[in-house]
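Residues annotated as L-histidine binding site in TrEMBL: A:Asp137, A:Leu138, A:Thr139, A:Arg164, A:Gln180, A:Asp184, A:Arg333, A:Tyr337, A:Tyr338.
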Protein chains: 2
Amino acid sequence: MPPFGLLHRRAWASLFGQLLRPSGLVCIGEVHFHSQGQMSLQVSEAVLISQLKPHQEKSNFVIKTPKGTRDLSPQQMVVREKILDMVIDCFKRHGAKRLDTPAFELKEMLTEKYGEDSGLIYDLKDQGGELLSLRYDLTVPFARYLAMNKVKRMKRYQVGKVWRRESPTIVQGRYREFCQCDFDIAGQFDPMIPDAECLKIMCEVLSGLQLGDFLIKVNDRRILDGILAVCAVPQSKFHAICSSIDKLDKIPWKDVRHEMVAKKGLAPEVADRIGDYVQRHGGVSLVEEMFQDSRLSQNKQALEGLGDLRLLFEYLTLFGIAEKISFDLSLARGLDYYTGVIYEAVLLQTPAQAEECLNVGSVAAGGRYDGLVGVFDPKGHTVPCVGLSIGVERIFAILEERMKTAGLKIRTTETQVFVATPQKNFLHERLKLISELWDAGIKAELLYKNNPKLLTQLHYCEHMGIPLVVIIGEQELKEGVIKLRSVASREEVAIKRENLVAEIQKKLSES
Amino acid sequence: MPPFGLLHRRAWASLFGQLLRPSGLVCIGEVHFHSQGQMSLQVSEAVLISQLKPHQEKSNFVIKTPKGTRDLSPQQMVVREKILDMVIDCFKRHGAKRLDTPAFELKEMLTEKYGEDSGLIYDLKDQGGELLSLRYDLTVPFARYLAMNKVKRMKRYQVGKVWRRESPTIVQGRYREFCQCDFDIAGQFDPMIPDAECLKIMCEVLSGLQLGDFLIKVNDRRILDGILAVCAVPQSKFHAICSSIDKLDKIPWKDVRHEMVAKKGLAPEVADRIGDYVQRHGGVSLVEEMFQDSRLSQNKQALEGLGDLRLLFEYLTLFGIAEKISFDLSLARGLDYYTGVIYEAVLLQTPAQAEECLNVGSVAAGGRYDGLVGVFDPKGHTVPCVGLSIGVERIFAILEERMKTAGLKIRTTETQVFVATPQKNFLHERLKLISELWDAGIKAELLYKNNPKLLTQLHYCEHMGIPLVVIIGEQELKEGVIKLRSVASREEVAIKRENLVAEIQKKLSES
């Protein structure tokens, strides 16, 4: 039975907070109102309640991150950083400069850029001054930057968080706050050369991250518009019909057709004509076939799109990636600003692998948006742009799952040397010693205790994966030496105090 | 004459927008209402107006970033990244793990954590669901993380943006969006060892960035409270008097005293007693002197603070940084959550240097906050914490200014090889060639033109600082060779096509 009402989390907490206070737990979930006036609860989450200052009679609150957001633990940050390093390396390999823009923009900058999705934009509260919204992607801020600074040509990358008020289905790796890595080429150039480079970059990133086999679906907005026009779809319905077509990767054609006819009022024969086109996908031969299509070849827009795709495939072949690309007539892409070629990379399900339960959807996407900069420019001068965005969260979900399955232990620190002592009252010596190591650029730690046990110190090294231990005691101090111990082999060597840094650096470079 | 009214930017734009539309410019500034009913304008900014879609009669808007925020250009990003790399390297050298938290928190999480500054928090609009606010610092989210995950011990760093609705005085490097780099040690340890490490880290970062001479002011909240108590300041006035004391680094004592007496209603003799304390600063000897102070030595809290500072100076001496530290009885720090030692690093003005006009204030700061985690914990269990925050924007302002003065040209890309041709119709060969380079991990670019002129291509390399050019033409193709040209020396060598990647890698490793 579907829920009739979803009780607001905060209301929920205040309703049931008192009841559950003794345990410190409160349950979050859906309230179902049944037809007989009964009510049932479906608990989806149990969280801890805290009181800010008990004596002040503050209202209870739940300690959590906002809905659809999360903290990244040190383990997760290691995986995340590896992905970002890989992606940024690739962007730099293709000559891109880095840009940064604020987390929020003037609200007006984002208006009318995202079509139906505009309702998902986070607005800031009007606290006096300008009306602001959190950025929804990195593309619109980039176009705003180009127009504002009158930049006519730029190859840039940007890595940052964006925010969308979507219903979070967290199992699929969809969040309300997520990280995007964008690469874009702005400028007037000969056709399809930058576009081909964008697809090459997507291939390099996805291959580099070893995510398994993938496919990049390619289409062109002008071909899609041409199809709708030659199928006699009224102009006013283009948008609605496009969004139905875009669902073809998730639901079968008969359901899409039903939606078009029953919900969107399309004549059945028009829907069937569309179906003949949008169910097709293939390689460059399909482009040639479409050129020969008696109806489509009458449409100027579609012909332009097909001509560009033909050229694109030529370049993709030279790049050695044509077999990764599928011309897919159902690809529509939601965002309003695309004007030409569009693309989306999907991972191919390999049932043998553990991540089959993870339906991650597209992991990278992009396209050409030749009109967006002109919208911001006072005189309407535009700068043609093409770009791509890597969906870090989804890639992260796959790699994290894979690591869990493999049971890999991740080191979250890079400490190279631990400073230990077997003796009491040796804090001063340890502090002097570790200070020397830090000043020499060596990554070093000690325990923040006056008199730690040696065993505790050695256990810490094993637990944290620290490879070397420097041990100083009464005897060593007298002889002017230091013991250097390898944690893995448990071998110890005595070295002269003055050679300590050099010996450690030698050991570290050997391993 | 001070401004009586500050006209809202948007109102301003709509008032004067029509007037100035022909030029596309609008002026932003202050309107002064004089006592005779006159009005004068003080223009502080001139910006371009744009129209979203002229035919739609949309209201004009100004293309800009929100007040107090800015884009970072590729040149600026290079400087920014260098700073962050240095800081992160240092944090890792001290064994910290990286954490990330969402840009916004539940509004309740931030309430009552920042004292008088709480009004500067950015709230999100209530669009249904939870009430949210942008994070104000990285410390409160860290404490929330510890409590939520019941973490009792953690050495973590976090790098990210925070947002404060301050009146931006941009010349001083103060923004409404800015980047913070935080390092914190959470856990119950023997006293002052982690605190001393935090000060050591501040020294390492500031020395490493070569910002010139600096000083770290140290005080303890308990000493400050003790002073106010023994000077007979009423408890209710502690907060207000502290904020007056905190101004002593900007205005002379007589003005601070005037504020205390005239504005905050303190008896003149009480103010004078305070003045005897808070105008003092010095090294460890001042700690000993305060121990002997007949009044202060009666105060339990102050004695605890002094005892900790004595121990702290002992450790700082072992770390070799005691001469960088000044016990400064006027240091108060605004944030509510500090409970013990507090510190703030300031750059010492060196009049000989170009940046003397830049009053950057404190470049790093922090302290001990032993109660904050307990505020979030359902049972009030707390985790003692101490940490520091590096003020990246201010450091950035100094380094940027220095680079401008020195006239340094910054490379914004890392491209190693450019693929050029002297001939027409060689795009296919160039694309095949560059694809090979990319696949070998070499950073390479070409011009997105079918038939670029050789001179244009070589100029691009010089302009962008690309060191090597690979040239392919008819002749080379026939002979199975490639010309490899060094941009600096203009030397060219012919190498076999099959050795291309190896030869380039050799050349690159030599330079």
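Every residue, even glycine, has its Cβ placed from backbone N, Cα and C.
All annotation found in TrEMBL is predicted automatically rather than curated by experts.
Bear in mind that the values here come from a model prediction, so they are computed numbers and not experimental data.
Secondary structure at A:Gln180 (L-histidine binding site), taken from DSSP and collapsed to helix, strand or coil, is strand. Looking only at other Cβ atoms within 10 Å, the busiest spot among the binding-site residues A:Gln180, A:Arg333, A:Tyr338 turns out to be A:Tyr338. Shown in sequence order, A:Tyr114, A:Val162, A:Gln180, A:Asp182, A:Leu335, A:Ser389 are the residues of the chain, 6+ apart in sequence, with a C-beta less than 8 angstroms from the C-beta of A:Asp137 (L-histidine binding site).
Binding residues for L-histidine (A:Asp137, A:Leu138, A:Thr139, A:Arg164, A:Gln180, A:Asp184, A:Arg333, A:Tyr337, A:Tyr338) extend across at most 21 Å, taking the greatest CA-CA distance.
All chains included, 27 other C-beta atoms sit within 10 angstroms of the C-beta of A:Thr139 (L-histidine binding site).
In the three-state DSSP scheme, A:Thr139 (L-histidine binding site) is classed as helix.
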